[in-house]
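Features reported for this protein in Swiss-Prot:
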- TRP26, SER57, VAL58, GLU59, VAL79, VAL80, VAL81, HIS112: 5-amino-6-(D-ribitylamino)uracil binding site (BINDING)
- ALA84, THR85, ARG126: (2S)-2-hydroxy-3-oxobutyl phosphate binding site (BINDING)
- HIS87: active site, proton donor (ACT_SITE)
Amino acid sequence: MAGFGEPGIDTVDAAGLTVGVVAARWHGELTDHMLERAVAAADACGARSVVARVAGSVELPVVAQALARRYDVVVALGVVVRGATAHFDYVCRSVTDGLTRVALDEGKPVGHGVLTVNTIEQARDRAGLPGSAEDKGWATTVAVLDAALAVRGLARTTQRVGFDA
């Protein structure tokens with residue numbers, strides 16, 4: 001069940017942080033709205049956002065990497081709908097692996113706001129449209145800003161913990 005156990009963080013105080021948002025153009029009705037919601041979430045949290053667009057979800061990781069080199073956090077948005085071939089699996093895996101690699105290689109939080117769904121109706125229900133059950137553009141942005149604040153807090157911690165403390 002999507003949304004079950006969701007943390008329910010509506011906004012965080014991310015004043016001074018910068019957000020690079022990259023959104024795919026496939027399924028533009030949905031990704032355009034998700035992009036609007038991501039930018040609105042960044043604004044509501046006090047962060048400044050910059051937007052880049054790419055053709056499809058496969059192109060998200062390389063642009064996310066370029067954004068991660070310039071901005072505090074990255075949000076990647078897209079929609080991948082399962083079809084009759086294995087292409088869905090390859091796209092979803094490469095996008096997920098790529099975005100994870102960017103986050104780890106660059107040491108920056110990267111929000112995975114790519115809807116990987118079986119039907120376009122499932123995507124609509126998660127895209128933050130009027131009547132949607134979920135708003136992944138907003139939620140992904142707030143989550144990645146929250147992660148950036150956690151990383152920043154850890155960087156300020158001088159007390160050592162663990163076996164070597």
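Cβ atoms are placed via backbone N, Cα and C, with glycine included.
Positions of the features from Swiss-Prot, shown on the structure.
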residue	record	CB count, 10 Å
SER57	5-amino-6-(D-ribitylamino)uracil binding site	28
VAL58	5-amino-6-(D-ribitylamino)uracil binding site	17
GLU59	5-amino-6-(D-ribitylamino)uracil binding site	20
VAL79	5-amino-6-(D-ribitylamino)uracil binding site	27
VAL80	5-amino-6-(D-ribitylamino)uracil binding site	22
VAL81	5-amino-6-(D-ribitylamino)uracil binding site	17
ALA84	(2S)-2-hydroxy-3-oxobutyl phosphate binding site	6
HIS87	active site, proton donor	11
HIS112	5-amino-6-(D-ribitylamino)uracil binding site	22
ARG126	(2S)-2-hydroxy-3-oxobutyl phosphate binding site	22
- Rounding to whole Å, the Cα atoms of ARG126 ((2S)-2-hydroxy-3-oxobutyl phosphate binding site) and VAL81 (5-amino-6-(D-ribitylamino)uracil binding site) are apart by 13
- Other Cβ atoms within 10 Å is the metric here; tell me which of the binding-site residues TRP26, THR85 scores highest. TRP26
- Item | C-alpha spacing of VAL58 (5-amino-6-(D-ribitylamino)uracil binding site) relative to HIS87 (active site, proton donor), in angstrom | 11
- Diameter of the (2S)-2-hydroxy-3-oxobutyl phosphate binding set by C-alpha atoms, the set being ALA84, THR85, ARG126, in angstrom: 23
- Residues TRP26, SER57, VAL58, GLU59, VAL79, VAL80, VAL81, HIS112 [recorded 5-amino-6-(D-ribitylamino)uracil binders]: greatest CA to CA distance in Å: 16
- As a whole number of Å, the Cα atom of THR85 ((2S)-2-hydroxy-3-oxobutyl phosphate binding site) is distant from the Cα atom of SER57 (5-amino-6-(D-ribitylamino)uracil binding site) by 17
- Where SER57 (5-amino-6-(D-ribitylamino)uracil binding site) sits in the secondary structure, as DSSP reduces it to three classes: helix
